Amino acid sequence: MKASHVFLCLFSVSCWVNLMLTAGNKVFPLGACRVSMSVTEIRSGFTAIKADIQARDPIRTLSILSHPHSLHKVKSSDRCCIAHHLFNFYVDRVFKHCKTEDSYINRKISSIANSFLSVKRKLGQCREQNKCTCGQESIEKFKQILANYEGLNVTSAAMKSLGELDILLDWMEKSH
């Protein structure tokens, strides 16, 4: 009898800890995939550095993510594909070139990058299970984003992409 009380207590604590760890996370339906991420945490980190990052952007007339219709009207079946490409893009290209002389900003960027790495892994698993297919439209949209990025020098493109993070987060939340 005493063992069942201990088990019940441990189970309750385990559930509470799991709930606390996932608090603030949202689950985003991306086609056949569902990805959990803490948009609140990412937005908070981004908001803290947004003005500084955007002030470093020398070309304000060009956008990487919102170039005419880059993320607009993506079919629900293509959402996973484009999200997979975008999270890979941010982890593999953008965050690697977003270094500043300000350690506070660098810590915030690192925190956001770690969150993106976690989502990248989840999307990778989904892709390995063949749940994340890429239609021609999503491939073309991502090619347009890459062309926008590659049209600038690496540091400017990375800072501009980081400065447009709210566009990506808004798109993710609209799919929610």
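Each Cβ is built from the backbone N, Cα and C atoms, and glycine gets one as well.
The disulfide partner of Cys80, as annotated in TrEMBL and taken from the candidates Cys98, Cys132, is Cys132. Here the candidates are Cys15, Cys33, Cys81, and TrEMBL names Cys81 as the disulfide partner of Cys134. In TrEMBL, the cysteine linked to Cys126 by a disulfide bond, out of Cys33, Cys98, is Cys33. In this view, the densest Cβ surroundings among the disulfide-bonded residues Cys33, Cys81, Cys134 belong to Cys81, judged by other Cβ atoms lying within 10 Å.
Around the Cβ of Cys80 (disulfide bond), the number of neighbouring Cβ atoms within 10 Å comes to 26. Highest local Cβ density among the disulfide-bonded residues Cys126, Cys132 belongs to Cys132, counted as other Cβ atoms within 10 Å over all protein chains shown.
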